[in-house]
Amino acid sequence: MVLGISKPSKTSFGHMPQQTSGTGVIWALKSKGIEYEYIEEDLSNKSELLLKYNPVHKKIPMLLHNGKPVAESMIILEYIDETWPEHPLLPKDAQERATARFWAKFAEDKGICVWKFFHSRGEEQEEEAKKEILEMLRSREEHGLGEKKFLGGDTIGLVDLAFFVVAHWLGVIEDARGVKLLEAQKFPRLDAWIHDFKEVGVIKENLPDPEKMFAFFKRKREMILASA
């Protein structure tokens, strides 16, 4: 877990480097200029701090603000946006906010299929997981972008943070498994969006190290196959 405490706001954040959902929270904190520092959590030996502040699920990411915990990545992102309204992640219009929340929930729910693909064993499991991933990507390609540069409009927002976590880790897992699903010719809008998103300064400067991520997931995949 990573814990960050900034002097003016007493903000703490819990995360671990290979944990996907916490990355979006880091990007949100950075984009809003919120100071924090963090401590990595070893989930095989959970800290007393994590057990104290998240006793129900005992999971990360976790945000501490003025000594009070906020858990679950999407809830944390909305909390950050409400507490620090500068550079908003959600639109002002109520209907647009509802649409953004729909697509953020879509990313959170459908992102599970990426992990099903990563953990799949045998041709049947793998093909089923691939099918789910391609359906998710088609839905975003056909219904979620339009002519906008980002999923949330002209600037990055909640939906971009939620879905890029899925897309970024899918790319790492594709490399680790030697399979390509998010192909530019099949998903040109998504491919352009990924490129534009990575070029945003705060994102570009805080992308997880691809080599470390690849090595981590490669080892993890080998362990999955060895235990079969």
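The backbone N, Cα and C atoms fix where each Cβ goes, and this holds for glycine too.
TrEMBL lists 9-88 with the feature domain 'GST N-terminal'.
With DSSP classes pooled into helix, strand and coil, the tally for the domain 'GST C-terminal' (93-216) is 90 helix, 2 strand, 32 coil. Taken from TrEMBL, the feature domain 'GST C-terminal' applies to 93-216.
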Three-state composition of the domain 'GST N-terminal' (9-88), taking helix and strand from DSSP: 29 helix, 14 strand, 37 coil
